[in-house]
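The structure that follows is given in the form of structure tokens.
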Amino acid sequence: MAPEEFDVIVIGGGPAGENAAAYAIAGSDRTAALVEHELVGGECSYWACIPSKALLRPGEVLGTARHMPGVEEKVNAYGLDVEAVLARRDDFTHDRDDSSQVLWADAAGIDVIRGSAALTGVREVTVGGRVLRARHAVVLATGTTASVPDLPGLRDALPWTSRDATNVREVPKRLAIIGGGVVACEAATWLHELGAEEVTLVVRGSGLLERNEPFAGELVAEKLRKHGVNVQFATSVQSVTRQTPAATGIGRVHGGPVTLTLGGEAGDPDLTVDEVLVATGRTPATGGLGLEHVGLSDHGYVTVDDHLTVTGMDGNWLYAVGDVNGRALLTHMGKYQGRVCGDVIAARAQGRALDEPRFVASADLGQVPQVVFTMPEVAAVGRTESQCRADGLDVEVVTVDINVAGSALSRDDYSGRASLVIDRPTDTIVGATFVGSGVAELVHAATVAVVGRVPLESLWHAVPSFPTVSEVWLRLLEERRKPS
Ligand SMILES: Cc1cc2nc3c(=O)[nH]c(=O)nc-3n(C[C@H](O)[C@H](O)[C@H](O)COP(=O)(O)OP(=O)(O)OC[C@H]3O[C@@H](n4cnc5c(N)ncnc54)[C@H](O)[C@@H]3O)c2cc1C
Ligand SMILES: NC(=O)c1ccc[n+]([C@@H]2O[C@H](COP(=O)([O-])OP(=O)(O)OC[C@H]3O[C@@H](n4cnc5c(N)ncnc54)[C@H](O)[C@@H]3O)[C@@H](O)[C@H]2O)c1
């Protein structure tokens, strides 16, 4: 059978792949195929960002209502309506039906091809019995899958991964979570709110959210503990036993009780729970992708340059965007890389030079924003103080409590903290962190300041409105002006 020709072939229909395909052909008569073996929309739409945030928001709303005189008297006797929360989550994930995303692809001029794709040669992709040939580019956008550590008994116990936690149907009464990162902290928050009575975070390190400023993890741990979540640091799982594992389906308890044998500084006793959630990071989805057919390793992240072009290959025809390149495992960064990559493919297809900033994924390099939707939220951009020092930057740090009229008005128990990391030679912000209720919406101002390299002297004239939580910017700048 003759190969089918497309200008661009994208493998993986998650947010990164969708954007790369759309930008590569926008406003032209170029053609694109998007190959997807599961659901168009990817991990984010059905298993990750969207369902998790749909599950977290009701708890945040209830928490605020419980600390608001005039409202708290009405709600204090009630908890969440779990069925309604799960139903709203299912609305957001369209019950895992991707037809609206396929309609979007059709409208953008992208051909969706169902099946598992593998590289079988230079510019050649095979899907089932079909051979596809790319005139200009092949883009790898296959994302990542949950890592399950190779611990004795763990895989046989059929533990939950993030897919079960986000698609929860049956809330375990007793839950152990292995890991202290973003998935562990967010999942502990929503599962506890949904009725998990005994939640234990088993953390091998000494803090939560270790890629953030230390105060962020400390405040999240403090609040989790205050709400009754057990957070155990410096504890490792030695082995796991479950007598009756059962493949009951996504989001249901996978059998009888599970016992974790723990090894830690405190000589921790065994922990017996109804379910164990593994939240120990991600593995790039490169298995079976045929990377070896084009001379690349099929292990680890696919390395790219700042044009998202795979390094070590001739001909500038192979690209990788999103989680699979390991640059920043976040939907918004994958989409950003998809936009840059699509523009690069279009420019190269037209024989144009890559001489404009939009052809370089510069935001990946120390300007990445992220919001962790815990209670309190953690919103940060750029580098932490310790990352800056490790990179040899001459920095100073200002930190203040978030204690302004806007925060006091937003809820009676408001507490939070904010910090700026300032590059002394340029007097610009290279990192910012906000911890508190509702700070998710504060971070974009910081992102603009970091990316725009706005001098602090100019920020003095960016006056925050009264009475908003944004007034913390003024407190930070005032703190900076204090004579040391
Ligand atoms: C629980 C959880 C919550 C998260 N919350 C957030 C959040 O709030 N905000 C945020 O920014 N990020 C969040 N993330 C991270 C976010 O989900 C990822 O960064 C994002 O999904 C990556 O997008 P992607 O397009 O690179 O990959 P994916 O979304 O993983 O999509 C890859 C697609 O490729 C397909 N595929 C793989 N191999 C093949 C193949 N060989 N052939 C055909 N198709 C293939 C897969 O089926 C999949 O659809 C969260 C992650 C988790 C686990
Ligand atoms: N709101 C958001 O933006 C959001 C939400 C969820 C996930 N994500 C993304 O998804 C990615 C994955 O999240 P994650 O929490 O799984 O990973 P992570 O890298 O954030 O945290 C992994 C945790 O597991 C621990 N760990 C790793 N291996 C272990 C082992 N063998 N035994 C015990 N502990 C081990 C680490 O010390 C760490 O605490 C993140 O990079 C994040 O960017 C983003």
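Residue positions begin at 1 at the first shown residue.
Backbone N, Cα and C atoms are what each Cβ position is placed from, and that goes for glycine too.
TrEMBL: automatically predicted annotations, no manual curation.
Pulled these from TrEMBL:
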- Lys53, Asp323: FAD binding site (BINDING)
- Gly179, Gly180, Gly181, Val182, Val183, Ala184, Cys185, Glu186, Gly281: NAD(+) binding site (BINDING)
- Cys44-Cys49: disulfide bond (DISULFID)
- 6-337: domain 'FAD/NAD(P)-binding' (DOMAIN)
- 368-473: domain 'Pyridine nucleotide-disulphide oxidoreductase dimerisation' (DOMAIN)
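Describe each of these features in terms of where it is and what it packs against.
Asp323 (FAD binding site) carries a helical DSSP state (H, G or I).
According to DSSP, Cys185 (NAD(+) binding site) sits within a helical segment.
Around Cys49 (disulfide bond), taking its Cβ as the centre, 19 other Cβ atoms fall within 10 Å, counting all chains.
The average pLDDT for the domain 'FAD/NAD(P)-binding' (6-337) in the predicted structure is 97.
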For ligand 2, which among the binding-site residues Gly179, Gly181, Val183, Cys185, Gly281 have a CB under 6 Å from it?
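Cβ under 6 Å from ligand 2: Gly179, Gly181, Val183, Gly281.
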Would you list, in sequence order, the residues of this chain other than Gly179, Gly180, Gly181, Val182, Val183, Ala184, Cys185, Glu186, Gly281 that have their CB within 8 A of the centroid of the site's CB atoms, where the site is the one recorded for NAD(+)?
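In sequence order, the nearby non-listed residues are Ile177, Ala187, Leu208, Leu209, Ala279.
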Starting from the Cα of Val183 (NAD(+) binding site), work out which of the recorded positions (Cys44, Lys53, Asp323) are within 10 Å.
none
Would you mind checking how many other C-beta atoms are within 10 angstroms of the C-beta on Cys185 (NAD(+) binding site)?
28
Tell me which of the recorded positions Cys44, Gly179, Gly181, Cys185, Gly281 ends up closest to Lys53 (FAD binding site) in space, Cα to Cα.
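If we rank Cys44, Gly179, Gly181, Cys185, Gly281 by Cα distance to Lys53 (FAD binding site), first place goes to Cys44.
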State the Cα to Cα distance, in Å, between Cys49 (disulfide bond) and Gly281 (NAD(+) binding site), rounded to an integer.
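Their Cα atoms are separated by 15 Å.
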Run through the Cβ atoms and count how many others sit within 10 Å of the one on Val183 (NAD(+) binding site).
24
Where ligand 1 binds, which of the recorded positions Cys44, Cys49, Gly181, Val183, Cys185, Asp323 are close by, with Cβ under 6 Å?
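Checking each Cβ against ligand 1, the ones under 6 Å are Cys44, Cys49, Val183, Asp323.
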